[in-house]
């Protein structure tokens, strides 16, 4: 079974290969740790993000003994988890290795974010000696109780499967089940391995390859037919239907099928903000990002005036709904989940796979270009490009005009929580240009680790990472790991003196941060080892020069460009969004 054929920016797919005779491994290769390393590689992981600790050192020895598995040592566990998240976004699966409790509880926040984004991250923890379980002994790296299950209980809410390996006899089964569950459910899993077991051989690790247990999910044919019939009846009555792609297109592996329906139907196609990059933006009927009051120009008018809208894998939370202010009506909506379809707030059809539903619908839908023709009528091209005067302080809008010119199928964009969300949403992505951000969880600082992981998974692309100064202060250390591993990312550090997104939701003195010498910090981290170039820019002409240097002379280096802008220079979309989210947060308690 070959499980290493993974779609770019998607979830791992498993492909059956011709049966091969089982290979019997020698005892040195038949250890628990070597078995785990082989299974990770077979699942698609060729890099692991690690922080050593005394409980995982023997395990790390076994993992890195596999020449197909590359160890990426991180500065802290949180960033290791974020890196595994970013890696999974590109490769379809990622893995991190930390030590018991002090490492596990540190990585927990990153695993929660991966869970919210439906990413199969395999979190591996080096646990206590198997002989210490059930002895009432108190160990270091714990909270001082003889019960060692606190870490496990914390992970139970943010992983879809937990394996605690204290015995060699069932280790093979537990590890395989954990990895298979992560791939099947597209959620993180937790594997704890006792520190004294990793280097011990066992007969169950000696035969390989052994297929993963990955039963494919299929639609119930009757349910699929009923869902398609009900949907066609609803759509054929509509005058101006539209399509909107949501973030669960990824976990449903339905992006191609969604585009097939767009081609067949002629409907205008929009995406929710957290699905940007999932639909080709060069599609002839693409109209932009639907985000309520902060949508792409003319997009919300078309979506909200439609008499039928197909939402594919949406997540409607307070952020994506702009403080619950979307002007949508459930009775006009067809909501397509990964495994079910809801038609016009009425019947729900279960056991229906999203990809199969869209493909079947594409074969039978009646083309209708009315809504797209309406969009074409009201669309007004963008006006004259903004240009700063010489030595005039750089403005964010002018900056992103130059960023747009950098994009190609050989680049990818990582947008940090904050105003980068809104500025990067306005970028027009060429075909093949990657795009990632973390909207559901919105953990500031995520992008540093995610950039590390995504760039490691996709060395053929140059990653452009946009990070605010406040977010960067949370996780800055792992720029070190990027340099150490020869990555060629371009980081744009937006220095506006504080937590701008929080300012627009609710201002206060706590949103002002201590200014750092950011380029000086990165120079200190660089310390003459590896390839790294830094610069500060205050004016448009300096930005143009910096981009030219980064893309030509320093194209093989990590480039760190600190962009200094006024603290109040924010996108108009953030101003509108912030006021609505603030209003939603500030609602008084309901009467009792």
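Note that Cβ sites are derived from N, Cα and C of the backbone, with glycine treated the same way.
Listed in Swiss-Prot:
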type	residues	note
BINDING	54, 141, 502	substrate binding site
REGION	419-501	region 'Thiamine pyrophosphate binding'
BINDING	469, 496, 498	Mg(2+) binding site
Below 8 Å Cβ to Cβ and six or more residues apart, same chain only. Which residues does that give for residue 54 (substrate binding site)?
99, 141, 195
In the structure shown, which of the binding-site residues 469, 502 has the fewest Cβ neighbours within 10 Å?
502
With DSSP assignments reduced to helix, strand and coil, which class does residue 496 (Mg(2+) binding site) get?
coil
Same chain only, sequence gap of 6 or more: which residues have a CB within under 8 Å of the CB of residue 498 (Mg(2+) binding site)?
469, 470, 511, 512, 513, 567
Over all shown protein chains, what is the count of other CB atoms within 10 A of the CB belonging to residue 141 (substrate binding site)?
19
Cα separation, residue 496 (Mg(2+) binding site) to residue 502 (substrate binding site) (Å, whole number):
13
Remaining residues near the recorded Mg(2+) site, that is with C-beta within 8 Å of the centroid of the site residues 469, 496, 498:
468, 470, 494, 495, 497, 499, 500, 513, 567
From the DSSP assignment alone, can you count helix, strand and coil residues within the region 'Thiamine pyrophosphate binding' (419-501)?
37 helix, 18 strand, 28 coil
Grab the pLDDT values for the region 'Thiamine pyrophosphate binding' (419-501) and give me their mean, rounded.
96
